[in-house]
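Please read the structure below before turning to the comments.
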Amino acid sequence: MSFTYQAGTPFAGDGIKDVSGTIHDGSYTAIIGHTGSGKSTILQHLNALLKPTSGTVTIGDKVITNETNNKNLKPLRQKVGMVFQFAENQLFEQTVAKDIAFGPQNFGVSEKDALALADKMVAMVGLPHDVLEKSPFDLSGGQMRRVAIAGVLAMQPEVLVLDEPTAGLDPAGRHEMMTMFERLHREQGQTIVLVTHQMDDVADYADTVWVMAEGRLIKTGTPREIFSDPAWLKANQLGLPKTAQMAQQLIAKGFHFDPRPLTETELADQLLPQIGGGQHG
Amino acid sequence: MDKLLLGRYIPGHSWIHQLDPRTKLMASFYYIGIVFLANNWQTYLMMFVATLFMIWLSGIRIGFFLRGVRPLIWLILFTVALQVLFVRGGMVYWHWGWLWITKLGLINGAFIFVRFVLIIFMSTLLTLTTQPLSLADAVESLLKPLRVIRVPVTELALVLQIALRFVPTLMDQTTKIMNAQRARGVDFGEGNIFQQMKAVVPLLIPLFVSSFTTADELATAMEARGYQGGDDRTKYRILRYHQRDWIAAAGMAVLTGLLLLLRAY
Ligand SMILES: Nc1ncnc2c1ncn2[C@@H]1O[C@H](COP(=O)(O)OP(=O)(O)O)[C@@H](O)[C@H]1O
Ligand SMILES: [Mg+2]
């Protein structure tokens with residue numbers, strides 16, 4: 001599947017080229033790559049905001065090609081919930097409750113049920129109950145982001161697509177949000193597609209990784225496979241998770257790891273015997 | 001959004017691109033003025049050839065100019081139809097009530113059509129070959145004499161420049177917010193007029209909010225860097241006329257002379 005921006009004009013720019021892959025139901029896929037490598041462009045194909053210039057995109061039983069009609073895309077848009085980069089820019093209603101209820105109502109949920117969903121989602125994204133009646137424009141940037149995410153969650157999508165959802169948040173807020181997505185994934189089997197620059201999040205949460213470079217999908221694999229080759233990552237302007245960085249520095253000092261640890265727990269478990277510590281508890 | 005051609009600069013190094021923006025601005029207005037001198041097929045043909053020549057000089061494909069005509073095609077056809085149906089004179093081809101199709105009507109219609117196309121081509125040529133910011137510079141420079149009567153030309157030019165600078169930003173932002181709302185189930189451009197108006201609210205409010213934020217940030221950034229308006233500011237890009245600008249002026253003069261010579265009196 002390929003996509004060209006502004007095809008047929010002198011401004012035509014390559015978005016993505018010959019990308020081919022499958023995102024499985026119930027998976028947690030992370031898409032990583034340098035800025036401008038085409039991550040956001042791929043995401044917008046997942047709910048037909050963009051249609052491939054050539055090739056096809058299949059989502060569930062719906063096949064999207066260049067010729068696909070713009071009508072009847074609503075069921076697809078409901079199925080694939082999209083949280084855009086800086087999602088707080090999409091808020092517009094008078095109250096937080098109404099804004100969260102906006103999406104579900106567009107997909108045929110009654111006002112009453114939608115407001116009930118808003119109530120539930122506000123708690124899910126970790127906001128106090130009393131923001132519901134506030135104007136979204138009176139909230140802080142981080143809170144607005146949460147409201148926007150709640151607005152997408154309220155659509156109860158089968159696939160949740162997240163474009164750098166934690167960019168610009170403080171570390172605590174970032175952790176809280178990533179934990180919330182992880183819970184959705186683990187407890188409700190929510191399929192998640194996450195674009196991020198945080199390699200730690202990739203190591204901690206994803207089960208599949210797509211690596212993009214210059215509009216091409218250059219590698220797919222588990223986080224362990226992807227992070228097993230630091231030299232290759234560096235050549236593609238990507239880094240290692242902090243734990244893997246630390247492990248690498250320790251290897252240089254004579255420590256041994258097998259397999260290479262990706263998460264803090266793994267690192268601690270393997271490190272403890274080597275520094276003569278007791279049972280890790 | 002991508003289809004909006006007006007104000008769309010196409011980078012290049014053609015003879016036309018290199019003209020001083022003031023020359024281009026004045027020449028375009030002048031040209032649009034003298035198009036109205038044409039009144040027979042010889043003069044229209046000459047203006048048409050001259051326009052094609054300038055388009056050729058710009059090195060930009062003719063397709064871009066045709067695309068500039070498209071949004072106005074209904075207005076043009078409507079005006080042409082009025083001419084054809086209401087102007088009477090010469091041979092009568094068809095007649096029904098007070099509607100007439102006559103030879104004079106057809107000729108007038110054709111002339112109006114060509115005039116429209118020439119004017120659109122010329123203004124498209126100006127915007128395709130001149131960066132909006134250069135145009136703002138040109139406006140400022142040409143309006144400078146008005147400072148004598150206390151028109152705040154520099155401030156007006158700054159407003160114009162900032163507005164132009166943020167057109168692409170605003171268009172980007174519009175696309176992004178439209179996409180975000182589409183993802184939340186909004187159908188833009190569908191349904192009856194009432195539904196369409198309702199669909200615009202989730203687009204306009206975020207746009208206003210982000211425009212005000214941007215304006216506020218820009219003002220802060222300008223103040224932080226000590227911006228002060230006024231007439232004493234120097235410029236990074238200084239406009240100067242070169243030989244080719246005089247050639248362009250001469251070209252316009254020759255065109256005017258030929259027009260006056262060939263037109264019917
Ligand atoms: N609206 C657009 N018009 C033209 N080119 C674009 C547009 N959006 C993105 N691009 C280009 O497409 C490429 C991929 O962009 P994007 O998918 O946004 O990258 P990423 O999300 O990985 O940073 C970049 O080269 C970018 O410049
Ligand atoms: Mg992006």
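Including glycine, each Cβ sits where the backbone N, Cα and C put it.
What TrEMBL says about a protein is an automatic prediction, not a curated fact.
Taken from TrEMBL, the feature transmembrane segment covers B:44-66 (among others). Beyond its flanks by at least six residues, the transmembrane segment (B:44-66) meets 5, 10, 12, 14-17, 35, 38, 111, 114-115, 118, 120-122, 124-125, 128-129, 255, 258-259, 262 of its own chain at Cβ-Cβ distances under 8 Å.
Marked as transmembrane segment by TrEMBL: B:72-94 (among others). Residues 100-110, 112-113, 116-117, 120 of the same chain lie 6 or more positions beyond the ends of the transmembrane segment (B:72-94) yet place their CB under 8 Å from a CB of it.
Long-range contacts of the transmembrane segment (B:106-128) within the same chain, counting only residues at least 6 positions beyond its ends with a Cβ under 8 Å from a Cβ of the stretch, are 5-10, 16, 24-25, 28, 31-32, 35-36, 38-39, 44, 47-48, 51, 54-55, 58, 60, 64-65, 68-69, 72, 76, 79-81, 83-84, 87, 90, 93, 135. Look at TrEMBL and you will find B:106-128 (among others) tagged as transmembrane segment.
The transmembrane segment annotation in TrEMBL covers B:246-264 (among others).
Beyond the transmembrane segment (B:246-264), the same-chain residues lying 6 or more positions past its ends with a Cβ under 8 Å from any Cβ of the stretch are 19, 23, 27, 30-31, 34, 37-40, 42-43, 46-47, 50.
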